[in-house]
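Enquirer: Dumping what TrEMBL says about this protein:
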| type | residues | note |
| --- | --- | --- |
| DNA_BIND | 85-128 | DNA-binding region |
| COMPBIAS | 372-383 | compositional bias 'Low complexity' |
| DOMAIN | 83-127 | domain 'Homeobox' |
| DOMAIN | 130-331 | domain 'TLC' |
| REGION | 346-394 | region 'Disordered' |
| TRANSMEM | 38-55 | transmembrane segment |
| TRANSMEM | 180-198 | transmembrane segment |
| TRANSMEM | 205-224 | transmembrane segment |
| TRANSMEM | 260-282 | transmembrane segment |
| TRANSMEM | 302-323 | transmembrane segment |
Amino acid sequence: MAGILAWFWNERFWLPHNVTWADLKNTDEATFPQAEDLYLACPLAFCIFMLRLVFERFIARPCAMGLKIQANGPQKAQPNAILEKVFTAITKHPDEKRLEGLSKQLDWDVRTIQRWFRQRRNQEKPSTLARFCESMWRFTFYLYIFTYGVRFLKKTPWLWNTKECWYNYPYQPLTVDIHYYYILELSFYLSLLFSQFTDIRRKDFLIMFLHHVATISLITFSYVNNMARVGTLVMCLHDAADVLIEAAKMANYAKCQILCNLLFAMFAVLFISSRLGVYPVWILNTTLFESWEIVGPFPSWWVFNLLLILLQLLHSFWSYLIVKTVCRAISKGKVGKWNPLHVSKDDRSDIESSSDEDDSPPPLQKHHSSATNGTNKNHGTNGYLTGVPYPDEH
């Protein structure tokens with residue numbers, strides 16, 4: 001174990017040439033980031049998770065009720081022991097062969113069994129009320145942390161001159177504000193990671209899990225090798241758009257369509273301008289070129305910049321999806337009636353539907369099933385939104 005730790009914390013990887021961990025030990029004159037500082041984020045993440053539960057129960061839920069957002073979710077599937085056993089123990093998406101076997105066993109039409117599985121899958125998705133509460137919690141946190149970041153950063157020299165991120169690096173003392181900012185952000189994303197295993201499991205579980213791991217890694221990486229100054233700029237820049245998208249989601253759940261459209265338009269402008277304009281010109285310029293000129297490259301410098309460049313590729317992809325969403329609405333001439341959060345599907349919240357599905361309960365015999373073909377009453381319902389393909393990324 002000692003050998004593994006020595007290899008992992010190799011000074012030649014983490015630090016510039018001729019700098020050692022001993023040089024960055026805390027003294028009476030200065031305090032520097034220490035890896036063990038981040039241990040505090042784990043219990044704090046649990047506290048944030050518990051705070052979220054209290055917030056959603058006693059603040060967000062009453063607000064949702066005041067906006068007349070109902071707690072009822074999609075229609076429940078008719079109880080059936082055989083289908084429930086298949087669903088829980090074998091597969092949630094039976095193939096054609098299994099459907100035919102179940103049809104013979106139950107004397108149900110295949111289409112009726114398919115409908116049962118759709119309804120049963122939808123039962124595991126959160127209601128509109130639950131999604132509103134989640135968005136309100138995230139909106140509140142992002143608004144607070146963004147406001148804190150702006151108030152803190154406007155007093156720092158590196159906001160106005162990014163070269164200050166690298167002068168005297170890595171001997172830049174850790175301030176209380178930077179420590180608080182980092183620990184709070186890291187704790188929040190740890191709580192999101194933890195909540196994935198306690199919330200209703202969603203179809204994008206793996207994607208969001210990897211996203212949260214990447215975010216946590218970037219925050220941890222920049223703190224450990226004391227790139228915290230530029231790290232604060234990255235975090236604050238990303239929090240701005242997160243505030244607007246969560247606000248747009250809340251407006252959508254509350255069926256305030258005009259407000260939803262306005263907030264999404266603001267989000268789209270801010271996201272594209274900040275991620276495709278400010279981020280490469282301001283952030284990547286200082287991490288790639290100014291740091292090269294002032295500090296020079298070293299192994300962890302390359303890794304850090306590679307991660308930031310990969311983040312820029314994600315920005316480009318998400319910006320493309322946003323522009324595509326807007327252009328599709330304009331080309332169809334439906335801007336006035338446009339709901340941006342319904343144009344493209346979000347696997348985190350959509351309710352499965354089919355043009356052949358209705359809300360009638362499954363029949364007991366085959367000859368009843370012919371009457372069940374109708375229009376889907378869930379399709380397009382504002383309460384079961386399909387959303388912008390945009391995760392809360394950092």
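Along the chain as shown, residues are numbered 1 onward.
Glycine is no exception: its Cβ is also placed from the backbone N, Cα and C atoms.
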Enquirer: Hey, would you say the transmembrane segment (260-282) packs against the transmembrane segment (302-323), going by three or more CB pairs under 8 A that are 6+ residues apart?
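Expert: Counting Cβ pairs under 8 Å, at least 3, so yes.
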Enquirer: Go through the chain and flag residues at least 6 beyond the ends of the transmembrane segment (205-224) whose CB is under 8 A from any CB in it; none is fine as an answer.
Expert: 14, 33, 35, 37-38, 182, 185-186, 189-190, 192-193, 196, 230-231, 234-235, 300, 303-304, 307, 311, 348, 391, 393-394
